[in-house]
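Please read the structure below before turning to the comments.
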């Protein structure tokens, strides 16, 4: 009995040792191999046989698992074999532990053996999945000296600062909640807003708030970084969190200083300051969450400033450090306002008046080496031939059609002395000569609306003093050319260094309004004449009077001031607005989503020719039943008759000299402003300007034009800058602040476009009678196109639109960021006032006001540099005029 007991005790002890061994090695065994192995001493023969059979079966399962992956049936069978052991026997107390351990591991192995899709099905039952979009982009540091909103954001914060010191929390959620609670308490912010902000800062689900230990949980953050030769050095001591709320009325900022540095993840391992910015969703660009966060983040990049904040022992000291920094920034702004230099274009050499001809010589010397390349650059290079053809066609239509329109206006103002044929001849001669001889061939000569108005002044003066208009026109033109050559010789174009962007914008705006006004006047005249309806009494009168002629016939209507043709006016309006719509739509077609980029660019390049041709066909062929009035053309008229200038009295010559002097002022401004716009830095021209040389060439070209009573020409807006854009490769660029803008990459500076297009214009004299098929309404639509297209890129027009633009939609332009918005609107109002003065003289009916109109244009220079600095700071003027 004692032997049995001792044997049983020994067997149990040996069994326990074996179980412990199996328990230790269980993690390294295959699930099909897990069968409890026990010491066979003290176990009856029946159990021995069962154990032997189980070992054999387990071996077979192990071999199966080595040959192929174990599936669920293998695992289940191993479990079944294990459970067959009598785990309830008091002699085997550790078998239960082994079995339970195995079951846990078999469940893990079962999950590992699942297919990918089966695993996803199981996980979807217990877990919620989302995607988090992370976008990282660089922001420039706020320049507290130039960007006006920087120190204003800080001043606004200091009115009621929200500051927490020695925050003990180690969770971002708790830190943000503490700041929002303080914000609600100190600034009386609505509890609903703070609750919504608490969620808007993060990208988590509410049931997973316990995991907020990383800065990656924040929805939008700003962090400082310093780039060094050996890599990037992140500012790990602070982080700025941003959020925007739609129902918020004003922005708020809170700053928390932590009691101990907090590890918030990679690159944020020693965070001491947490800044929270809450801003309205619809807010001006300079006041949105990113800009406010950029202000405080730029300030936190100052290590000495952070050191002072860390050493502040109380909230009052902390706020004092902020106030001291704000005062320092404000002082820098004031110093910059008083020390900012006057904006003067440095590309003009400061010649003295006594250096006669030096400007002309330097221009010639600078441009002569580029003369051969002016031809070669028009045919060599990628897409150059395509650009050459499209630009030639653009110039052909953009110059020929205004010549026809202005020729009709000249014919009316001069009683046929100057007509459409005269304008075409003048355009051909002046354009070809200037393309060959000019220093800057990107400029395009044209007769313009101000010149047409001035010719009317000469006509009125001639009629008032009973003088020969042709002779007065010749002498005025000759004196004008003399004054232009003298201005070039005495280097007066250097005065254009005082011509700022604002003056060029005013003048360009006036030209655009002149084109638009001509189209509107023509439309009003057409409606006044044709948009009438016959009454019953009129019909009875016409029937009774057999000699009455049909006043709906074009030939009879040409002799009358009143016609009953309302359909003519409707068609006029349709063709004019249709030409404008199609031209502008195709001009912007390269920004659409239709067709390929190459086809869109082609359509944009040929916008004007396509619009003119399409609506000419519609008006001439589609509405043949509606009789349209063609422009007047007298075939066979002699164009080269020299007027008898010798018959003019001496006082008439003196008057012609006075008219020529005023006219030369108009030429001087038009020519040099157009040259300045063409040579603007954003156009990236390589070969340099030639202000003095070109002014002399224009003066010489206009001598024969004056002698033969042909229209005068000079460099014109908007044709000249449009010529540059037509030959340019343009790309869309995104700035650091996110705004998209067009940027000229390269311009093909060539003379070929001007030469070929004007040769084609000259050839048009062979079929002027066929050009009469072009409806007058299409020509007026062209005027509207030229006027409206010149508004594109005019900064004055853009700033005028800001008055009607929601603040959150303001573009991130340099002047929006650096100039107070009130100052921007004040500057625009001053420009608008000057524009109204110019329009008052330019569009006045009194001829004596039109006579001094060119002088008014020149007076814009002293007004800009002497009067405007008295109204606003020079720094802001320089930024707005840059």
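Using the three backbone atoms N, Cα and C, a Cβ is placed for every residue, glycine included.
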Given ranges 345-367, 529-551, 690-712, the stretch to which TrEMBL attaches the annotation transmembrane segment: 690-712
The annotated transmembrane segment range in TrEMBL, which must be one of 388-410, 733-755: 388-410
The transmembrane segment (416-437) vs the transmembrane segment (690-712): 3 or more CB pairs under 8 Å: yes
Non-local residues, at least 6 beyond the ends, that sit with Cβ under 8 Å of the transmembrane segment (607-626): 393-394, 396-398, 401, 567-568, 571, 575, 578-580, 582-587, 589, 773-775, 777-778, 781-782, 785
Beyond the flanks of the transmembrane segment (388-410) by 6 or more, those residues with Cβ under 8 Å of it: 378-379, 417-424, 426-427, 431, 444, 446-449, 452, 455, 518, 602, 605-606, 608-609, 612, 631-632, 711, 719, 722-723, 726-727, 748, 750, 752-754, 756-758, 760-761, 764, 771, 774, 776, 778-780, 782-783, 786
Intrachain neighbours beyond the transmembrane segment (690-712), with Cβ under 8 angstroms and 6 or more residues off its ends: 348, 359-360, 362-364, 366-367, 406-407, 410, 417-418, 422-423, 425-426, 429-430, 433-434, 437-440, 443, 445, 447, 451, 455, 470, 473-478, 480-485, 487-489, 491, 493, 496, 639-643, 663, 667-668, 671-672, 675
Outside the transmembrane segment (505-524), six or more residues from its ends: residues with CB under 8 Å to it: 405, 409, 448-450, 572-573, 576, 669-670, 673, 677, 716-718, 776, 780-781, 783-784, 786-788, 790-791, 794-797, 831, 834-835, 838-839, 842-843, 857, 860
Most Cβ pairs under 8 Å with the transmembrane segment (646-669), selected from 473-493, 770-792, 849-867: 473-493
